[in-house]
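Input: a single structure, listed below in C-alpha cells.
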Amino acid sequence: MASANPETAKPTPATVDMANPEELKKVFDQFDSNGDGKISVLELGGVFKAMGTSYTETELNRVLEEVDTDRDGYINLDEFSTLCRSSSSAAEIRDAFDLYDQDKNGLISASELHQVLNRLGMSCSVEDCTRMIGPVDADGDGNVNFEEFQKMMTSSSLLNSNGSAAPPST
C-alpha cells in the first residue's frame, strides 16, 4: 500500500480545519520555515502564495500589522489561527480587485470601474464612477489601489447585508 506523498498533500491555510488544533499546528509549522515558533513577514508571503495570492511587501506588512495582536512583529500560532479564518475572504477580495483592474496596473480607474459595472448590468456614467472612487481614494490619485479597495471591502459601513457594495451616500 503506497502512502500519499506529503509534498503533494500539504494542507493550506484556506483548507485547514480550525476545530483541529493538531492540523492547524502542522500547517503553521509548514510555514514557519526556520522553526522559531513564529511566522515572519517573509514567511507570511509563502502562506499567501500557497493560497494562490501574491501580495507586495507593503501589503504583507499591513496584514502582519492587522494580525499581530501582541505587536512583536511576528505571527504566533493563535494569530495564525485568526489569519486562517480570514484568509479566504482576503483571497476573494484580491480576486475581486483583479476583476476590476482591467489593465493589471494595480489600480482601478473610474473608466475600469465603469466598464465592469456596465458589464454587470449596472447603468452608470464614468462621472458616477469618479464620484464613487472619491471617498475611497485615500491618496488622492483618482484611482483605487489594492489597499484602498481592501479597506473599502472590509468596511461594514460600505457594505449592505448581502455583502455587495452599498451606493455612496449623498
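Just so it is clear, glycine is given a Cβ too, placed from its N, Cα and C backbone atoms.
Record features, source Swiss-Prot:
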- Asp32, Asn34, Asp36, Lys38, Glu43: Ca(2+) 1 binding site (BINDING)
- Asp68, Asp70, Asp72, Tyr74, Glu79: Ca(2+) 2 binding site (BINDING)
- Asp101, Asp103, Asn105, Glu112: Ca(2+) 3 binding site (BINDING)
- Asp137, Asp139, Asp141, Asn143, Glu148: Ca(2+) 4 binding site (BINDING)
- 19-54: domain 'EF-hand 1' (DOMAIN)
- 55-85: domain 'EF-hand 2' (DOMAIN)
- 88-123: domain 'EF-hand 3' (DOMAIN)
- 136-159: domain 'EF-hand 4' (DOMAIN)
- Ala2: N-acetylalanine (MOD_RES)
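A map of Swiss-Prot features onto the structure.
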residue: Asp32; record: Ca(2+) 1 binding site; contacts (Cβ under 8 Å, 6+ apart): Lys38, Ile39, Glu43
residue: Asp68; record: Ca(2+) 2 binding site; contacts (Cβ under 8 Å, 6+ apart): Tyr74, Ile75, Glu79
residue: Asp70; record: Ca(2+) 2 binding site; contacts (Cβ under 8 Å, 6+ apart): Asn76, Glu79
residue: Asp72; record: Ca(2+) 2 binding site; contacts (Cβ under 8 Å, 6+ apart): Lys38
residue: Asp101; record: Ca(2+) 3 binding site; contacts (Cβ under 8 Å, 6+ apart): Leu107, Ile108, Glu112
residue: Asp137; record: Ca(2+) 4 binding site; contacts (Cβ under 8 Å, 6+ apart): Asn143, Val144, Glu148
residue: Asp139; record: Ca(2+) 4 binding site; contacts (Cβ under 8 Å, 6+ apart): Asn145, Glu148
residue: Asp141; record: Ca(2+) 4 binding site; contacts (Cβ under 8 Å, 6+ apart): Leu107
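The average pLDDT the prediction assigns to the domain 'EF-hand 1' (19-54) is 85. In this structure, Asp32 (Ca(2+) 1 binding site) belongs to neither helix nor strand by DSSP; it is coil. Comparing Cβ neighbour counts within 10 Å across the binding-site residues Asp103, Glu112, the minimum falls on Asp103. Mapped onto three states, the DSSP output places Glu79 (Ca(2+) 2 binding site) in helix. Distance from the CA of Asn105 (Ca(2+) 3 binding site) to the CA of Asn34 (Ca(2+) 1 binding site) is 34 Å. Taking the C-alpha positions, the distance from Asp36 (Ca(2+) 1 binding site) to Asn105 (Ca(2+) 3 binding site) comes to 37 Å.
Comparing the binding-site residues Asp36, Glu43, Glu79, Glu148 on other C-beta atoms within 10 angstroms of each C-beta gives the minimum for Asp36.
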